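For reference, the structure is listed below as structure tokens.
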Amino acid sequence: MQEGNFLLSALQPETGVCSLALPSDLQLDRRGAEGPEADRLRAARVQEQVRARLLQLGQQSRHNGSAELDGSAESARGMPRGQYHTMQTGFSSRSQGMSGDKTSTFRPIAKPAYSPASWSSRSAVDLTCSRRLSSAHNGGSAFGAVGYGGTQPTPPMPTRPVSFHERGGAASRADYDTLSLRSLRLGPGGLDDRYSVVSEQLEPAAASTYRAYAYERQASSGSSRAGGLDWPEATEGPPSRTIRAPAMRTLQRFQSSHRSRGGTGSVSGAGLEPVARAPSVRSLSLSLADSGHLPDVRGLDSYTGHRTLQRLSSGFDDIDLPSAVKYLMASDPNLQVLGAAYIQHRCYSDAAAKKQARSLQAVPRLVKLFNHANQEVQRHATGAMRNLIYDNVDNKLALVEENGIFELLRTLREQDDELRKNVTGILWNLSSSDHLKDRLARDTLEQLTDLVLSPLSGAGGPPLIQQNASEAEIFYNATGFLRNLSSASQATRQKMRECHGLVDALVTYINHALDVGKCEDKSVENAVCVLRNLSYRLYDEMPPSALQRLEGRGRRDMAGAPPGEMVGCFTPQSRRLRELPLTADALTFAEVSKDPKGLEWLWSPQIVGLYNRLLQRCELNRHTTEAAAGALQNITAGDRRWAGVLSRLALEQERILNPLLDRVRTADHNQLRSLTGLIRNLSRNARNKDEMSTKVVSHLIEKLPGSVGEKCPPAEVLVNIIAVLNNLVVASPIAARDLLYFDGLRKLVFIKKKRDSPDSEKSSRAASSLLANLWQYSKLHRDFRAKGYRKEDFLGP
């Protein structure tokens, strides 16, 4: 049996040969005993042995004055090292806590009693001690509740703490000190959209209680700034857990090497990489002196050859930012790592430190380390830059001016997930600056698509099976970067549409997420928002040749032709003629590729089905559904023929109206903008307005305010709702009847008379137009008067 699979008992034996293993049923000749009674007796015997053993341990700990058993006590008992043949020499039952200090691992806890349900002969391993060790370094007593940015007290144990990344197993412990912190999901909140048909980005000041790593989570489509509690993925771990950032881990590694030189406990199959010994103060000064940059290290004269500095005995608290910047120019990679880690730590949330670092020329020196021969230096340099430019426009400009974009794209070619996470995070941070978006789009789109989007979406090769955690974060950062760029200028949108493979990668990823049930994923949200933004003003910005093809190659739309120009055997009111528009729409699908590529996806009939699936299946992430509705609003907007074709396709083939109305019932104001805008477009192009009126009118009237105290949606939503009702009332008497029946007149009159702001003026004018059209139904005048309304209410100012 391999050592990694050998499970030791957590109950410490009295002597070296003691064991709590029970005789087998064969040995007791109880194989054929009465089943339940035999199990009960065996469980009772186990409980008695456990209780007696715990009592002995409790007495022994009180007698010794401590619950810890040191190595000398172990040897005094004469525990034979070679008793268990499956164990290697030096492994003891106390080493399973994975701590570096053998004397502080096992802490027996006296428990009063145990029921048969809580103990058995197979439950001997008590993990309480192991949990206590790990919790001390993940939000526990070692750092308290201050988080990463707080002051780090002196850890009680002299050995290096077990980090959050080490708990995942041997594979995740390979790069213990160089792993960058996994960015957690930002939660959504409220941010007003300025446009009804374009996704916008989040303000740089957006904050979250789950933002354990400082960088811009800029987002489009009205993404918000509230805490992360309303996004379910943010609750993967305990909310109170403190996660140490890479800079803190590096500083603590150097600190740990100064405090203790003791060996760590054996870990089965751990395979930890040997960590280079932290340089002494003398080696620091000599190395920097060789390079011509001698730092001002306080207390240097107090150094002796056999002890470290007393001022540094508690860690590297005496390092300042100027010294850390000078370390970046050292020839020793250890010094460069230390300097970058300190800058990363200081610039986490300190605006003054970011400004000071820029004045000390930290930005150009970090850029030179992006493609260093030592990968650990690369990781810490990019991690430091990621914090340095967060919410700091001047540092972003300095990075771009130092040819940082070119160096970042070179680094992106490295096959190291930690580096790629940092690089894509830096690009996302840069994209939050409006004046950098056009340049970023020009310099990065093609390489980012080839190196990240296509491989990780499955569009550029074999089908995507599943992304690992690092790949998921890399793709998330990349789509967040695109989400910001897509909300920029028309030229940037056009460049993104024409970028080979970009739209294909996004559509492929969304389809895959829907197939595997991950439509709530934040990367899906980013991808849908990008498609929404790229669909903005699509028919005005698309290639003329494609637009001509969508308009029917010069063929007249029979639905809009005057009756006198119709040639054929059918009268204008015949059933055959009414069916012609549907046939014409079906024929136009032959003019669109059945296998769309690139920007063809944006107006393809297949994309309507994709958005409809998102509306039906995405229940939790409201930003995804808002973006899907906004994208449909974009491609059905305007007077273009193809907008009408896609509107009728959504209504008649995709049956999208019921999912939309379900969303309207529970939608917030941001969602209502997109949903009501889409329904407005559909109501213009619907063939059967009577059927649509029966489904829509009652739901929309519920959203209208009828008095001063009632909750009122934004003016833009009110205008959309009134426009939908107007489109239906003009063509359908059923809509006028339902509007009267569901008390819509009272609400419309209230909106018409409310003119206390510029926004309410817009909704008042819309209500006046609708009331005037209602008065045209003379058969309803008696019903109007019966409810107390006069002609002046409909036609008056």
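Every residue gets a Cβ built from N, Cα and C, even glycine.
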Feature phosphoserine (Swiss-Prot), candidate list Ser121, Ser180, Ser545, Ser778, assigned to Ser180
Listed residues Ser24, Ser283, Ser331, Ser768, with the one flagged phosphoserine by Swiss-Prot: Ser331
Scan 58-81, 82-105 against Swiss-Prot and say which stretch is down as region 'Disordered'. 58-81
With Swiss-Prot open, pick whichever of Ser123, Ser130, Ser287, Ser523 is annotated phosphoserine. Ser123
Can you name the far-off residues of the same chain, 6+ from the ends of the repeat 'ARM 6' (596-637), with a Cβ under 8 Å from a Cβ of it? 188, 196-199, 219-223, 231-232, 497-498, 500-504, 507, 510-511, 514, 519-522, 524-525, 528-529, 531-532, 534-538, 542, 546, 550, 589, 643-644, 646-647, 649-650, 654, 656, 659-660, 663, 667-668, 670-671, 673-675, 677-678, 681-682, 685
For the repeat 'ARM 2' (351-390), the DSSP helix/strand/coil residue counts are 30 helix, 0 strand, 10 coil
Let's see if you can do this one: DSSP helix, strand and coil counts over the repeat 'ARM 6' (596-637), in that order. 33 helix, 0 strand, 9 coil
Counting by DSSP, what is the helix, strand and coil composition of the repeat 'ARM 4' (449-487)? 26 helix, 0 strand, 13 coil
Stretch-averaged pLDDT - the repeat 'ARM 5' (491-536): 96
